[in-house]
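First up is the structure itself, then whatever we jot down about it.
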């Protein structure tokens, strides 16, 4: 075959392949059109149908592709609307894990803040973990001495729930060594307490900017909840303490609307002590279970009405839930008086379920280790000892710490009741371990309609860190 014949042959083959390729594309287009025609889509490949609902909480987005429909639920919230939060608490049978940040494990090699007092609060579209930093990172020399509660370096910051308190995702909220935060449906409100012990100031932030202040009125370490405040129909409520930690102090309830204080009430509680209240909305009121750092091993209860009237007493249950505490068998409960005659204490929580109560406590009676939650029949209204459910969250071989409450709003959960949730802080480092620092991580649990098995969701960091060996 001469060169000209070779060129003609190669050209003919190439032309044939091109024609064949064009025919394949034509067939593919015809088949696609026929398939779409059978699907009844009138030839539209992608169609988005938006359906409006009476509740402005979701958009139903239907994407049709060939003969398959994919339904996505897109969260939507009108930011010009206050949350209701006047619903009742859901009745639950157990608590399932919601999130765990593993901050200390990650912080051995990551840029994670040294923190204490983490807590969770939710808006209509998200939950966030708030925490008080020490202005330093784990495994860094500035972490030395961070066992101290109050310093000018402490700040309130937040991340999306489940994230570690890392420098890349954290959002600054306030300068604070004591704090609370909550969302009214429109914006976040945070309260950060800072300054000298005798003249501390609480700065109210709304939407990220300062809007009001509370100055210390007793001159003795003004402090607040270290957990979520509570917003109901646009008004937000929180509790503050000023005065001694080991004898009679002074207590106040505050009410704010869009970051401006619109009311306050002194709580008369002679012989009782209130600190670090864990509050939540229930049936249009604010229910708080607090810490008695003076004498009681039972917990103070404060129920706040929208007009700032209140009822104050103690959790009636015949089982103690503070730490340190005595034996369960030797404890007799009281709805009105401190019982147990044990000083000191730890922040804790409880949830009313009708006349029952879910109450959290450390497993150890003498130290902040282990954590369990008990349901006590009629424990909200009577000195009952009858446990109808118990769930272990952290075993007694591992450290725990503070614990507190919050709820999932109906706008977020899609339920017609408020889902009760709690968090448990797991403190590591000083004073119990040989480190130069003190920090914590947390596990978060939310109520479900099923019983949940015992397990230990403990911190799990291996100590000491490199900085502790220098």
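Cβ atoms here come from the backbone N, Cα and C positions, even for glycine.
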Starting from the Ca(2+) binding annotation in Swiss-Prot that includes 292, 296, which of 266, 322, 328 is the extra site residue?
322
Residue 182 (disulfide bond) and residue 421 (disulfide bond), Cα-Cα, nearest whole angstrom
15
Please report how many Å separate the Cα atom of residue 316 (disulfide bond) from that of residue 290 (disulfide bond), as a whole number.
13
Which of the recorded positions 90, 229, 290, 402 has its Cα nearest to the Cα of residue 144 (N-linked glycosylation site)?
402
Checking the recorded positions 84, 122, 149, 335, 398, 417 against residue 290 (disulfide bond) with a 10 Å Cα-Cα cut-off, in sequence order, leaves none
For each of the disulfide-bonded residues (127, 182, 277), count the other CB atoms lying within 10 A of its CB, then report the residue with the highest count.
277
Mean of the pLDDT scores, which run from 0 to 100, over the topological domain 'Intravirion' (1-14):
70
The sparsest Cβ environment within 10 Å, among the glycosylation sites 84, 293, is found at 84
